Amino acid sequence: MASEAPSPPRSPPPPTSPEPELAQLRRKVEKLERELRSCKRQVREIEKLLHHTERLYQNAESNNQELRTQVEELSKILQRGRNEDNKKSDVEVQTENHAPWSISDYFYQTYYNDVSLPNKVTELSDQQDQAIETSILNSKDHLQVENDAYPGTDRTENVKYRQVDHFASNSQEPASALATEDTSLEGSSLAESLRAAAEAAVSQTGFSYDENTGLYFDHSTGFYYDSENQLYYDPSTGIYYYCDVESGRYQFHSRVDLQPYPTSSTKQSKDKKLKKKRKDPDSSATNEEKDLNSEDQKAFSVEHTSCNEEENFANMKKKAKIGIHHKNSPPKVTVPTSGNTIESPLHENISNSTSFKDEKIMETDSEPEEGEITDSQTEDSYDEAITSEGNVTAEDSEDEDEDKIWPPCIRVIVIRSPVLQIGSLFIITAVNPATIGREKDMEHTLRIPEVGVSKFHAEIYFDHDLQSYVLVDQGSQNGTIVNGKQILQPKTKCDPYVLEHGDEVKIGETVLSFHIHPGSDTCDGCEPGQVRAHLRLDKKDESFVGPTLSKEEKELERRKELKKIRVKYGLQNTEYEDEKTLKNPKYKDRAGKRREQVGSEGTFQRDDAPASVHSEITDSNKGRKMLEKMGWKKGEGLGKDGGGMKTPIQLQLRRTHAGLGTGKPSSFEDVHLLQNKNKKNWDKARERFTENFPETKPQKDDPGTMPWVKGTLE
């Protein structure tokens, strides 16, 4: 058998191809391409959404613009409808041959810059006289009423007077009066005819001349016009206004003090009118026409004034509240104009006219017939119509004017007091003066029952000359401190001290904070809740950050508290008595006698051997007796079946002041008997004694007291 041929050698393995790496790269590229496509798709969707939102925004803008135009058109239509319902017409009365005033000729443009009154007052009065003369000449034939405005002038420079339809609707009586006047003019002189024609021409402007006051009364606004000073006076508030041509509104000029204040009856009537205004706001227009008609029947003489300030009389109803309170007789008024004062006899004349009207009312105070309209009814209806006119903007403007007219109130907050609650609020108004004192029967506004407060300590009232609240100390015993300064001397009635916002007044031990705000405005410092919350926070901080007391200070505090307790129970004059009961002669100590006669046995003997894990418990042991009664026998384990532990628990010693697990415990046998410090000292003393006195022998220990060690038995 031939030998087998050797097998050919194995070929080396082929080299690894780079295909797997290319495949991985291709997969990564495909994955990135897919992500890129998804990102592009998301970008396209976002662009579509953006275009869609832009279209929606454009549509919304166009819709809003259309709605704005529609609202403007509807508002114009509504305004025209209201004008038609009110039957008002625009009438422009030309009373001058020359061009109207320009802004540069306006009197009040340089009013506050000049020290004295400008010379234009006389020029304006001359122009008014010329205007009246031209109106008289034109009224000889017929009254020329032009409906076209002056050419080439601004709308604000034209003198417009809105004539309400009620001048013609209820004009039966004035028409008959004019007819009688025309018949009487035929036989009268030329001067009387010219005067009557002038009055008839000016009557259409809404002004009537009051002979008693020498001023012109406007029925549309309720103001008196002073032609000399070119000011408008509101008798209900005592404010002088001037007409601003640029804004077309009445601007505040000055104010006079009205004394006395309105009575309670007038306040009640105002409240009733405000209630009517809230209940029936829709009937304002009808009431306005009705009451204006009733007022126009009482107009008896008119003068025409052709100045640009009379342009917006009807709009003034929305700027200031009109009330027929000019029947009250205020004092004589001086109007301040840039340093000089212009005396105006307005209030004297008004008082004379009111007295004349009151006499007339008393004369005709008879029982009215059915359907007859009295003067009081017309005045009340006119006042109700004026107060009921306007909208929310008018009410806001009235509130602002009232806030400016009436002085603010004082909100008094108790900051610190031993008798009053901290954070209490007291309100002081300008109507009645406020008093501060201790007496209970005097009905003080702010009563402080302290010893350091006088019966009538101080008074606070509103000074109309200074236009501020003042504090007057009534000669108190301890005086008054304002802002930490003793400005009010004790026992002397001092001069009035002007109070300002934020002043702190200390009366006795009570500290008061005065807050003065216009209207109903408040701050955090005059709100009782805010003040008490801050005080509570301060108390908490003080309790947490209290100072640490030393040993001596604590002892002083203890003695102080002990004295308080003695004073509380009436023991401040008695000393401390120890065993007061035993010292009582009637007390018998029976327990002491029994101890002396019978004595007492200790259940625990001091010579008992201590327990040990190496010695057996004796039969007299209480624990062993208890176990035997329960069924335990010597040599058995514990438990019901006797399978419990038989050996005692080993004693383990640990280091002092060390917790469990800190170190390895040691048994009792490994620890030597350590002698305490006292025994060591005695041993040292014995050694010294034996060295000094060797002939004496130390006493041996008592053989009965042997230490218990391992292996010892009883």
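First residue shown is number 1, and so on along the chain.
Backbone N, Cα and C define each Cβ position, glycine as well.
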- Query: Looking at Swiss-Prot, which of SER17, SER344 is flagged as phosphoserine?
  - Reply: SER344
- Note on the structure: Using DSSP three-state counts, the residues of the domain 'FHA' (434-487) come to 0 helix, 25 strand, 29 coil
- Query: Mind checking how the domain 'G-patch' (619-665) divides into helix, strand and coil residues in DSSP?
  - Reply: 8 helix, 2 strand, 37 coil
- Item | Cβ packing number for LYS664 (N6-acetyllysine), 10 Å threshold | 8
